[in-house]
Amino acid sequence: MPFYKRPLFIALLLTLAVFAVYLQTLTDYGPTWDEFMHRQTGQTYINYFRTGEMMELGNWDDWSWFPPVAVTFGTSLINFEPLKAIYPLDVDRFHLAAVIFASVCIGMVFLIAHRLTDDLGISVFAAGLLASYPQFVAHAHMNVRDIGLTMFYSLTIYILLIAVSSRRPVLMAAVAGLAGGITTDTKQNGAFLLFIGLIWFTLHLRRLGMRKWLLMSVMFGVFFTGAFFAFWPYLWEDTTRRLGLVWHFLTTPEIIAGSTIYFDRVYTSMKDIPVYYPWVMLFIFTPPLMALAVITGLFKSVSSILRDKKEFLIFLWLVVPLSRFLFPFSSISYDQIRHFFEVVPSLAVLAALGLWWLSHSLPRAVRLPLIGFAGAFLLAYNIGLSAAYHPFGTAYFNRFAGPPAYVAQAFDVEFWGNVYRQAVPRINALDSAGKYTYYTGAMGTHLWKENGFLGTLVDDQHLEYDYVVFMNKQALIRNIPYLQWLVADKDPVFTISRGGVPVFYMFPAHRQEFLSTLPPR
């Protein structure tokens, strides 16, 4: 086979191509709400590697639940001197890590699809679907932690897929365990890979034989556990107590549970998030025709359990991480789909499987042109959506979520403060002397200055101010009647919108008028 047809070479080309494209829009995305904590996490680990001094890590128990892998890589790019001439802002150098992770993830999706179908066209289609999926495009430019998790998840899934048919299955199981442990040190969601791997090996028990199955399972578990500890220096000392702290943070609602707006109703993580929440959210964030292809691929994946089982791994990739919503204490979800983003690449693979399966039910004479047209249409549609919503891909909801006016108040359309980078230049142009004061609704006040804001900011609505500026994060807007009143009854100075849905508002204060509407005390 010519080298240019080899899957690894094509995966590398796709990775580089996506990296080059994503890089063009890197500076369009702003810093995100909790990014500063992640940067501090990364810097703490970098300081440890420089000095060998554990004290700073050991005294940082309040944030011990942030695993180090992705954010330390991102922070190392902040500190990389040659990059400072190209990207002067820390936020852009940090976000470069997300672009790198996302680009590699695209290559991994190609390899997974090719392993399943042995079809170059379908595999490129899978990679293209993910690369143009609006949510993925947005997170690929600003979400270092979850995109890092997603990339390592994809890598581990690929190794698991290889392991059961490899000439050295025990060795590959160990490598998969190593990758899974590193994934968990990117974000704790990686722990679900332990269950995925063991279920996957067990499904092949008859073909592997008891001895090989047992060796693979043990090696997978041992290397998974070993990597988990090896790549998380915080756990190298005082291990039992620190593991207890990590578990405490992950299971304490007062620390980790947030609220979310879902179809115009407020839900709270670890309390009353519906079991079907992640499934519905994934559906309404997916373009309708792609969603249809995903559902078709899901049937193909499930039906493979009766044959060679290889597509069933993609079913496990989607279902096992989402199974935690069966149990309220583990149903941590707010900020749309951010807390289970690791399953998103499985949607692209399933859509490709669906199209591939349908293609084999057609006569050979019409198969290629029809499938080629369908694939090109789906890709073009995704690309068009991502371009139309840029740089706010998280604001895209398909028609099943409802009309734009409903979506604007029934979901958290914007949740991380990315929009402030686009808002700041417009406000600075209106107030070039920085003489006005702005109330932020306490929505990411710390993000404004990094974006070069000139005015004075306050996050207490009882102080004096001239304007009100905030993103469309309904979970917080609903806690502040003043903001609800502004949105419902007043004309904004300007909004930033995509698809008819506002992601940002700027209003004159109207403070005294609002106070006059309140009942006397």
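Quick reminder: no glycine exception, Cβ is built from N, Cα and C everywhere.
Break the domain 'Glycosyltransferase RgtA/B/C/D-like' (96-222) down by DSSP state and the numbers are 109 helix, 0 strand, 18 coil. Annotation source TrEMBL lists domain 'Glycosyltransferase RgtA/B/C/D-like' at 96-222.
The transmembrane segment feature in TrEMBL is assigned to 94-114 (among others).
With a threshold of 8 Å between CB atoms, the same-chain residues lying at least 6 positions outside the transmembrane segment (120-138) that come near it are 5, 7, 10, 14, 18, 21-22, 29, 102, 105-107, 109-114, 285-287, 290, 336-337, 341, 344-345, 347-349, 351-352, 355-356, 359, 372, 375, 378-379, 382-383, 385-386, 389-394, 396, 418. What TrEMBL lists as transmembrane segment is 120-138 (among others).
TrEMBL lists 150-170 (among others) with the feature transmembrane segment. If one looks beyond the transmembrane segment (150-170) by at least 6 residues along the same chain, the residues whose Cβ comes under 8 Å of a Cβ in the stretch are 69, 101-102, 104-105, 108-109, 111-112, 115-116, 176, 179-180, 182-183, 186, 189-190, 193, 196-197, 200-201, 204, 207-208, 212, 215-216, 219, 310, 313-314, 317, 341-342, 344-345.
The annotation transmembrane segment is assigned in TrEMBL to 190-206 (among others). If you look at the transmembrane segment (190-206), the same-chain residues 6 or more away from its ends with a CB under 8 A from one of its CBs are 149, 152-153, 156-157, 160, 163-164, 173, 176-177, 180-184, 213, 216-217, 220-221, 224, 305, 309, 312-313, 316-317, 320-321, 324, 342.
Taking Cβ pairs closer than 8 Å, the transmembrane segment (213-235) reaches residues 45, 48, 54, 57-58, 60, 64, 67-69, 163, 169-171, 173-182, 184-185, 193-194, 197-198, 201-202, 204-205, 242-243, 246 in its own chain, all 6 or more past its ends. Per TrEMBL, the feature transmembrane segment maps to 213-235 (among others).
Per TrEMBL, the feature transmembrane segment maps to 276-299 (among others). Remote same-chain partners of the transmembrane segment (276-299), defined as residues 6 or more beyond its termini with a Cβ less than 8 Å from a stretch Cβ, comprise 129, 133-135, 262, 267, 314-315, 318, 322, 325, 331, 333, 336-337, 340, 343-344, 347, 349-355, 357-358, 377-378, 381-382, 385, 396-401.
Marked as transmembrane segment by TrEMBL: 311-327 (among others).
If you look at the transmembrane segment (339-358), the same-chain residues 6 or more away from its ends with a CB under 8 A from one of its CBs are 105, 108-109, 112-113, 116-117, 119, 122-123, 125-127, 129-130, 133, 135-136, 139, 143, 146-147, 149-150, 153-154, 187, 189-190, 278, 282, 286, 290, 292-301, 311, 314, 317-318, 321-322, 332-333, 371, 374-375, 378. What TrEMBL lists as transmembrane segment is 339-358 (among others).
Annotation source TrEMBL lists transmembrane segment at 370-389 (among others).
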If you average the pLDDT over the domain 'Glycosyltransferase RgtA/B/C/D-like' (96-222), what number do you get? 98
